[in-house]
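Asks: Okay, so Swiss-Prot annotates it like this:
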- 17-164: domain 'Thioredoxin' (DOMAIN)
- Cys59: active site, cysteine sulfenic acid (-SOH) intermediate (ACT_SITE)
- Cys59-Cys93: disulfide bond (DISULFID)
Amino acid sequence: MTVTFQNNPVSISGSFPKVGDRLPSFTLCGADLNDLSNEDFKGKKIVMSIFPSIDTPVCSKSVKVLQNALMTRNDTVLLCVSADLPFAMSRFCTEHAVANVTNASFFREPAFTERFGVNLNEGALRGLAARAVIVADEFGVITHSELVNEITNEPDYDRILMSL
């Protein structure tokens, strides 16, 4: 499977989850440096926004757009996942007044990108995650999955929100 980065093909590996699948299990590092897993979000809908780094324009914009769109939804968690250290993600949220977001890093578990089918195998971003959004209902069943074809493009916000 491939995506593009600045119109250059980049191979990705792993199995990208599809609508109707169960959300794969995961263990990530939270902002407080403690582990986060599927169990922490039981009974909640999850919008999992996966991206290369919070310090890129498209990644930061997508976090802000999704946070604003989901602000009043008490039944939904916005889980932002990247290789960034928790300190960088916390700094971003403080500097940009981003709240109601759960930041998670896969820096301790690089296998996360394989398990979720977003592992960038080559190019300048090798080892980071491709841009993707996966939405799961309160039972852990995927209701939306989007692997963004061009890493520098934003996800389809309307389809994300319609899947909730």
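Numbering starts at 1 and runs along the chain as displayed.
Cβ coordinates are placed from backbone N, Cα and C, and glycine is handled just like the others.
Show me how these features fit into the shown structure, please.
Replies: On the 0 to 100 pLDDT scale, the domain 'Thioredoxin' (17-164) averages 94 in the predicted structure.
Classification of Cys59 (active site, cysteine sulfenic acid (-SOH) intermediate) by DSSP places it within a helix.
In the three-state DSSP classification, Cys93 (disulfide bond) falls within a helix.
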Asks: Within a 10 Å radius around the Cβ, which one of these recorded positions has the most neighbouring Cβ atoms: Cys59, Cys93?
Replies: Cys59
Asks: Give me the CA-CA distance between Cys93 (disulfide bond) and Cys59 (active site, cysteine sulfenic acid (-SOH) intermediate), in Å, as a whole number.
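Replies: Computed Cα spacing between Cys93 (disulfide bond) and Cys59 (active site, cysteine sulfenic acid (-SOH) intermediate) is 12 Å.
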